[in-house]
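Asks: Below are the features listed in TrEMBL for this protein:
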type: BINDING; residues: 31-33, 37-43, 226, 256-257, 264-266; note: ATP binding site
type: BINDING; residues: 63, 207; note: L-glutamine binding site
type: DOMAIN; residues: 24-332; note: domain 'Glutamyl/glutaminyl-tRNA synthetase class Ib catalytic'
type: DOMAIN; residues: 335-435; note: domain 'Glutamyl/glutaminyl-tRNA synthetase class Ib anti-codon binding'
type: DOMAIN; residues: 452-526; note: domain 'tRNA synthetases class I (E and Q) anti-codon binding'
type: MOTIF; residues: 30-40; note: motif ''HIGH' region'
type: MOTIF; residues: 263-267; note: motif ''KMSKS' region'
Ligand code: ATP
Ligand code: MG
Ligand code: MG
């Protein structure tokens, strides 16, 4: 895969040129505590893409060192999402498979006088740590002997202590200007079953200890992570060095991807799912990979979008309109065009013979003639969009109104002659006449109309549900009241469900097929709620775009 150059590629190239490395191994290391989101896609594209550029390898490694939050469901979904995005990992690894090795390395640190068992509570440890302007205070247990520490750590492992009562800490420097080096916790007690190791362990390694060891064990050459770990790099290097690992991976940080009008952290996404604000992790409004897939975004569009956002140290916020741009670009030549009426209004063509049906020819995709033609029925009664008729139109309204003529896409000109209303004055039917001379494709040039509207034949149309989405979270409102949580800003209008009609040639449409409904935008057949004979279409994006690259 070609990616434009960036600072990480430059570093790797130098490492190869200088023979510091003769191969490249990267890894994508998700914690299986939720579903992947588009931010993870950035990490995936970078890790797999860079390794690929240097004929290297990329492992998918589950960073599963925190059993409280992890689950097999997440492991399965992450594998599915990485594959769907179009990447093949070289090896599938689990950090939990290294628990024995990590334990040994922790014992080594104790033997070297570089780790000790502490009895302080989590709160006390925080208090003792000090601040950026104040040095930390040493724990009274810091001077325990090696023998004492080895014995206590063994007892921790054997389940002799309660959760939270003891931790293993690195003995580095309580006055370091880098808070991460003030005797960070390496192991904690947690009597929790693990999705992979079951009840084999009741102590679990902390991220800052486990992650560098995982990388070193796998021979990772370049450990790419996001910039919030920049301050952890000295600790990363300390762990690799003091644990005497053969391989010395190099940590390099890049900026996180953020997108407007959404939330992008598994913790927040989980709150939305658990609070039933959304229809599961794959809700089409979520920025999860599975949600975006269900919405109808393509893997290609996601990859291209992520590449366009580039690789840099900074973590700017990207306009979600840019993502829309890439899916339109991808679907433009691939998605068949069709007509669907979302809010139907009946239109009767009074001079069209009763009982007659014409099968009109229409291009499947005028931008891609190779997609061929389709047949659309046309007869005396059709549905048009409610908003395509106004009894008293404003200026510059070129659609239907009494006395006005418009083109029916792929069919004829029709002229509005009469309006039928119910007892309450609501318009229930429009009566028109058509001009047989104006048939689409006939080369008619006698007169012009300004409006073209879409329609479906009333007696052949199939029912369908359309789901229109708006952002789940509105940034502008969030900014106004910082005292509220993001859950108070869930957009109540983020989903609209509408029952309408589609062309009959869509009878056998399948889940995940993508279409462009004329004037309405690109839609995807929802895999969860569609039923035979009653598809549900998720709008991916509308057609309009103000976004320019
Ligand atoms: P979250 O806060 O959403 O849980 P995380 O960083 O804790 O994110 P991990 O499962 O640890 O999630 O992430 C796996 C990899 O994906 C990490 O290397 C992480 O840096 C990267 N990653 C996560 N979010 C983003 C993002 N928004 N942009 C770029 N990379 C990201
Ligand atoms: Mg993480
Ligand atoms: Mg996280």
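Here the Cβ of each residue, glycine as well, is placed from N, Cα and C on the backbone.
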Asks: To the nearest Å, how far is the Cα of residue 207 (L-glutamine binding site) from the Cα of residue 31 (ATP binding site)?
Replies: 10
Asks: Near ligand 2, meaning Cβ under 6 Å from any of its atoms: which of the binding-site residues 31, 33, 40, 42, 226, 265 fit that description?
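Replies: If the test is a Cβ under 6 Å from any atom of ligand 2, the answer is 31.
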Asks: Specify the secondary structure state of residue 42 (ATP binding site) as given by DSSP, simplified to three classes.
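Replies: Its secondary structure by DSSP: helix.
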Asks: Using Cα coordinates, what distance in whole Å links residue 226 (ATP binding site) and residue 63 (L-glutamine binding site)?
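Replies: Cα of residue 226 (ATP binding site) to Cα of residue 63 (L-glutamine binding site) measures 15 Å after rounding.
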Asks: Do any of the binding-site residues 33, 38, 207 touch ligand 1, in the sense that the CB is under 6 Å from one of its atoms?
Replies: none
Asks: Other than its own, how many Cβ atoms are within 10 Å of the Cβ belonging to residue 38 (ATP binding site)?
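Replies: Residue 38 (ATP binding site): 26 neighbouring Cβ atoms within 10 Å.
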Asks: Indicate the candidate from 31, 63 with the smallest number of other Cβ atoms within 10 Å of its Cβ, considering only these binding-site residues.
Replies: 31
Asks: What does DSSP give as the helix, strand and coil breakdown of the domain 'Glutamyl/glutaminyl-tRNA synthetase class Ib anti-codon binding' (335-435)?
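Replies: Split into helix, strand and coil, the domain 'Glutamyl/glutaminyl-tRNA synthetase class Ib anti-codon binding' (335-435) gives 6 helix, 51 strand, 44 coil.
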